[in-house]
Amino acid sequence: MPIANDTQFHTSSFLLLGIPGLEDVHIWIGFPFFSVYLIALLGNAAIFFVIQTEQSLHEPMYYCLAMLDSIDLSLSTATIPKMLGIFWFNIKEISFGGYLSQMFFIHFFTVMESIVLVAMAFDRYIAICKPLWYTMILTSKIISLIAGIAVLRSLYMVIPLVFLLLRLPFCGHRIIPHTYCEHMGIARLACASIKVNIMFGLGSISLLLLDVLLIILSHIRILYAVFCLPSWEARLKALNTCGSHIGVILAFSTPAFFSFFTHCFGHDIPQYIHIFLANLYVVVPPTLNPVIYGVRTKHIRETVLRIFFKTDH
């Protein structure tokens, strides 16, 4: 028997409940999220502007950082305004198309960030382990190629999710205990098998774990090269050049790890803890990345002070 209309097959809208169990304090939870959103916007925009306008920062490492800033600006803007709408104005309803759109952009920018972090790890590996080859390997053409690969792989991993969800019937199920839209959050509501969705999701996670493995291997090689240097002063200087990148990786991976860990093994943990950790996963990296690079990278710090505060260094 044919489906009567698309609305019966795909419910017209969903309800994002926010953080279940903490509804009474939603309005107060919104303030720290608003604060970190402002920090993410101002910090990433400032660093992106500085890299774009300062000729001395037109180097591979800073091009990668500019890509990271663009991704962080996009990721935070794709998630936090909707969260604030739920927390402050009780705007919980989102259309089916709106859900798919937000889900697409959240996963797309998350995958892109993972790839850019791999590129930044490769940049540090070449700079420390193969310094004489640095300018020959990491040319502007190679950086453009990395950016293209990041976009194409993200599309390859995320576009199928949209079509995997479009094929599912939801039978009127529309309540989602979350603050933003993600693939399995809606797939679980389907009144049909989601085995294909789960298998594709596991494949995507495997690719992201491969990114993590590449980052770890590059840093093992970096540490080996650093501790082969003749003096402690040279070792500390080399380690300092990697400090910002390691901080960014920890900001990206730590909330994701705890969110994944609690979902897999924390069955007795209250649901609001799961949702809160998932929120940190999309909020913390865009907020901390500009702070980490602004504080730890002397060249960026001095350039920001000179441009925005008219100080001489």
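These residue numbers are counts, starting from 1, taken along the chain as shown.
Cβ atoms are placed via backbone N, Cα and C, with glycine included.
On a predicted model such as this, the values are computed, not experimentally measured, just so you know.
Membrane topology from Swiss-Prot places Pro20 together with Glu93 on one side. Looking at 57-77, 102-122, 142-162, 239-259, 275-295, the range that has the most CB pairs within less than 8 A of the transmembrane segment (28-48) turns out to be 275-295. Ranked by number of Cβ pairs under 8 Å to the transmembrane segment (142-162), the listed stretches 102-122, 239-259, 275-295 are led by 102-122. Residue counts for the topological domain 'Cytoplasmic' (123-141) by DSSP state, with H, G and I taken as helix and E and B as strand, are 16 helix, 0 strand, 3 coil.
Proximity of distant same-chain residues to the topological domain 'Cytoplasmic' (123-141), defined by a Cβ-Cβ separation under 8 Å and at least 6 residues beyond the stretch ends, is recorded for 60-61, 63-64, 218-219, 221-222, 225-226, 238, 241-242, 245.
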